[in-house]
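Participant: This is the feature table in Swiss-Prot:
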SIGNAL    1-20  signal peptide
CARBOHYD  N104  N-linked glycosylation site
CARBOHYD  N184  N-linked glycosylation site
CARBOHYD  N269  N-linked glycosylation site
REGION    367-392  region 'RCL'
Amino acid sequence: MAFIAALGILMAGICPTVLCFSDDTWGIDILLHKNQESGTPDDSLTLASINTDFAFSLYKKMALKNPDKNIVFSPLSISAALALVSLGAKGNTLEEILEGLKFNLTETSEADIHQGFGHLLQRLSQPEDQDQINIGNAMFIEKDLQILAEFHEKTRALYQTEAFTADFQQPTEATKLINDYVSNQTQGMIKKLISELDDRTLMVLVNYIYFKGKWKISFDPQDTFESEFYLDEKRSVKVPMMKMKFLTTRHFRDEELSCSVLELKYTGNASALFILPDQGRMQQVEASLQPETLRKWWKSLKTRKIGELYLPKFSISTDYNLKDILPELGIKEIFSKQADLSGITGTKDLSVSQVVHKAVLDVAETGTEAAAATGFIFGFRSRRLQTMTVQFNRPFLMVISHTGVQTTLFMAKVTNPK
């Protein structure tokens, strides 16, 4: 099972010549020292809750624009990229970005926000044998553009950002340079993040995240069969349906929201929640998506014995120009002539021309060979549990979280898995 996302922020403007100098709005030395220390559980929970709030707000805007379409995106990829841009923003531009990300600036300082993201990215970048997560940022800078040393150092130290020069006067070559980089970082899953560059492009910021998870208990490919997936009450399509018998996992029936919630774990620190609304109740569930809803689901999950589980095998991809969506979350000024990104170059000649996000979700039977033997053991061996059948044969939601840092990595809505 793989989930890959990439985001590109294209900046355009008049190419200034700027000498590199320092900005002392908050001390980089102090911030970097704090970032090297371990974050507290409270810090982690606060950032996780805020990121979830942003994720659901963004999801609702996407769903409103395309109610019957598949949705796949990484809220973490988008929020991390916007937070990175905010390092160079000032005044109202800065406030719009951070408030659009759902931060309360009277309660959380700018320095604490960046420290939180830095710690989160650091934790996710730690090598783990069982998780395959590759997350990072890159800046592609016009060869004649000089950016401030302070901005460059903060992006490197806090957001693990690589910096490259590019000749945007040669747009074909520059586009290939960026797309080849993203393709390499996402194992070839996203080959064309950028389709074309504006002739005034001065900088492209890229965030990518690649996740390949193995089910703790894998589906047997020999059990996969062709079955109906009901798009609505009148239409259906044939899809490959995976099947598993006698699975012990956590489940919750939410009568208030008329949906069922099932957890499937990956090896390592990742876990997926599958949310199956009752027929005709998808919009009700979507409208109720809040951080509190997700917390309720996690706390309410109880171990159950699933007699039969049916889950479609699918691969879906989406791409978005978030310039059409972010203003609805209050992030407007970065796209206008009033944008103040002077913390990047020292002048106000820079604005964002495009925010492109692409994501790919691939769900299949794959799991580790030993997982099927150990995954059934959850400490309930002496208790008899009532079995049930769960069929994901109609539109459903999927939330992938990293339990180690308690944050939402990806969200998806599967309306048509074919």
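Glycine residues also receive a Cβ, built from the backbone N, Cα and C atoms like all the rest.
Give me the local environment of each listed feature.
Facilitator: Taking the Cβ of N104 (N-linked glycosylation site) as centre and 10 Å as the limit, one finds 9 other Cβ atoms among all the protein chains shown.
A sphere of 10 angstroms centred on the C-beta of N184 (N-linked glycosylation site) encloses 10 other C-beta atoms.
A 10 Å cutoff on Cβ-Cβ distances gives N269 (N-linked glycosylation site) a total of 19 other Cβ atoms nearby, all chains included. Mapped onto three states, the DSSP output places N269 (N-linked glycosylation site) in coil.
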Participant: Using C-alpha atoms only, work out the spacing between N104 (N-linked glycosylation site) and N269 (N-linked glycosylation site) and round it to an integer in Å.
Facilitator: 29
Participant: Along the region 'RCL' (367-392), what average pLDDT does this model show?
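Facilitator: 39, rounded to a whole number.
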